[in-house]
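Enquirer: Before I ask anything, here is the structure I am working with.
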2 protein chains.
Amino acid sequence: MIEPIFASWKHVFKLDPDREINDEALDAVCMSGTDAIMVGGSSGVTFDNTVDLLSRIRRYEVPCALEVTSEEAAVPGFDYYLIPMVLNSRDPQWLVGRQVEAIRQFGSYIPWENTFAEGYIILNADAEAARRSDADARLDDLSVLAYVRLADRLMRMPIVYLEYSGRFGNMGLVRRARSLLTQGRLFYGGGIDSAEKAGEAAAAADTVIVGNIIYSDLAAALKTVQAVKQREN
Amino acid sequence: MIEPIFASWKHVFKLDPDREINDEALDAVCMSGTDAIMVGGSSGVTFDNTVDLLSRIRRYEVPCALEVTSEEAAVPGFDYYLIPMVLNSRDPQWLVGRQVEAIRQFGSYIPWENTFAEGYIILNADAEAARRSDADARLDDLSVLAYVRLADRLMRMPIVYLEYSGRFGNMGLVRRARSLLTQGRLFYGGGIDSAEKAGEAAAAADTVIVGNIIYSDLAAALKTVQAVKQREN
């Protein structure tokens with residue numbers, strides 16, 4: 001049982017509301033042929049900068065998902081809402097606590113039909129995301145694969161997200177993770193700064209997330225779209 | 001999407017491998033008309049006492065599920081394996097940690113087609129189960145309902161288990177919890193020591209679990225079966 005919407009996403013650009021992007025660059029990103037734009041960041045995300053970025057993306061037809069990392073920035077009007085749950089956090093607040101608090105607060109206003117959990121496994125111990133969520137990122141391969149099965153089989157999560165955040169990951173491990181999934185879709189993110197790496201990631205994961213490089217080398221970022229789309233996986 | 005096997009369970013007897021039950025009593029339990037026997041306990045469960053109890057239950061046709069609380073007692077031969085995940089634990093070991101460790105160890109030997117997660121919400125702070133799992137059991141109603149939605153909507157768990165362990169719970173809250181479920185099934189356990197309470201619980205939950213009273217008042221335990229089955233919910 002794969003969610004139809006994710007089944008068609010091979011390439012996703014991730015935009016951070018807390019970082020500047022001019023209209024020309026945003027136009028290039030939205031018209032690039034990417035399958036979706038994901039809006040989210042690990043710090044400085046507010047209602048105002050999120051609604052501002054959404055309104056600019058909305059001039060284009062590309063589907064737009066919000067990765068909800070703070071209650072205050074839960075802006076209406078996105079096509080999809082993705083709720084990260086950090087499976088390898090040492091602090092249950094990052095696994096279920098903050099999510100329960102948000103559900104408690106927003107209750108019936110949550111657009112459940114368009115809301116999906118992402119089972120995050122954070123694998124770069126040096127990344128800001130790992131520090132903030134107190135993730136046990138120094139896992140051996142067997143433990144990573146056990147987390148993947150837990151997310152897919154027991155928690156039946158529609159998205160299992162291997163996050164190397166800023167570092168290009170172990171594609172052999174990513175490929176093995178994907179081979180274990182029975183219903184979820186494997187998202188990969190981290191260190192994709194060239195068409196070549198994008199192609200490698202596309203051969204290993206179901207969906208490739210490209211983020212930081214948008215802000216440092218837009219031309220290289222745009223090349224990742226075709227690199228992913230051409231790759232049969 | 002309700003798992004067909006759980007959809008037909010209204011009454012379940014829970015037997016503890018660490019407690020004595022003679023052949024006559026076990027015969028009465030297995031022939032009572034209950035929909036399933038669940039084997040599990042919070043302490044003293046071993047491979048030997050689990051396999052012994054299973055072999056005795058296997059003389060009967062009643063379906064038999066193991067609630068897996070320790071790796072050592074994961075005995076083959078049950079119809080179903082239920083994996084508790086304590087959603088309101090303060091310690092991620094009880095939520096995902098021990099489960100990941102077990103998956104890491106047993107890997108491909110796990111009979112996934114017959115293995116299902118139970119999203120436990122433990123609501124009696126004085127119970128042994130709450131102490132052992134370091135559960136934050138003093139939740140207000142809105143928080144309980146938020147955990148229920150988290151389990152059903154985000155984690156898509158097939159079983160959401162409200163556990164009052166030794167105390168009869170708030171049936172109004174149990175009923176509200178059930179009304180929120182979209183795919184999972186609501187299990188209720190705790191303090192059912194009479195036909196009357198069993199009937200009340202059956203009117204509020206999808207599935208009623210009867211445990212302790214088997215060991216202290218078998219006749220009363222047996223009466224809960226008809227009380228649950230007669231109740232339309």
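Positions of Cβ are set from backbone N, Cα and C atoms, glycine also.
These came from TrEMBL, pasted as-is:
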- B:Lys14, B:Tyr161, B:Leu162, B:Glu163, B:Tyr164, B:Ser165, B:Gly166, B:Gly191, B:Gly211, B:Asn212: sn-glycerol 1-phosphate binding site (BINDING)
- B:Asp16, B:Ser42: Mg(2+) binding site (BINDING)
Enquirer: At the Cα level, what's the spacing in Å between B:Gly166 (sn-glycerol 1-phosphate binding site) and B:Ser42 (Mg(2+) binding site), rounded?
Expert: 13
Enquirer: Express the distance between the Cα positions of B:Gly211 (sn-glycerol 1-phosphate binding site) and B:Ser42 (Mg(2+) binding site) as a whole number of Å.
Expert: 12
Enquirer: Which entry in the list of binding-site residues, B:Lys14, B:Leu162, has its Cβ near the fewest other Cβ atoms, using 10 Å as the limit?
Expert: B:Lys14
Enquirer: Report, in whole Å, the straight Cα-to-Cα distance of B:Lys14 (sn-glycerol 1-phosphate binding site) from B:Ser42 (Mg(2+) binding site).
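Expert: A Cα-Cα distance of 12 Å.
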Enquirer: How far apart, in Å, are the two Cα atoms that lie farthest from each other among B:Lys14, B:Tyr161, B:Leu162, B:Glu163, B:Tyr164, B:Ser165, B:Gly166, B:Gly191, B:Gly211, B:Asn212, the residues recorded as binding sn-glycerol 1-phosphate?
Expert: 17
Enquirer: Work out the three-state DSSP category of B:Asp16 (Mg(2+) binding site).
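Expert: The residue in question, B:Asp16 (Mg(2+) binding site), is coil (DSSP, three-state).
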Enquirer: Could you measure between B:Leu162 (sn-glycerol 1-phosphate binding site) and B:Asp16 (Mg(2+) binding site) for me? Cα positions, answer in whole angstrom.
Expert: 19
Enquirer: Please report how many Å separate the Cα atom of B:Tyr164 (sn-glycerol 1-phosphate binding site) from that of B:Asp16 (Mg(2+) binding site), as a whole number.
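Expert: Between the Cα atoms of B:Tyr164 (sn-glycerol 1-phosphate binding site) and B:Asp16 (Mg(2+) binding site), the distance comes to 17 Å.
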Enquirer: Given a separation of at least six residues and a C-beta threshold under 8 Å, show me what packs close to B:Asp16 (Mg(2+) binding site) in the same chain.
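Expert: Correct list: B:Val39, B:Gly40, B:Gly41, B:Val45, B:Gly211, B:Tyr215.
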Enquirer: Can you count the other CB atoms that lie within 10 A of the CB of B:Gly211 (sn-glycerol 1-phosphate binding site)?
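Expert: B:Gly211 (sn-glycerol 1-phosphate binding site): 22 neighbouring Cβ atoms within 10 Å.
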Enquirer: So if I draw a 10 Å sphere around the Cβ of B:Gly166 (sn-glycerol 1-phosphate binding site), how many other Cβ atoms end up inside it?
Expert: 16
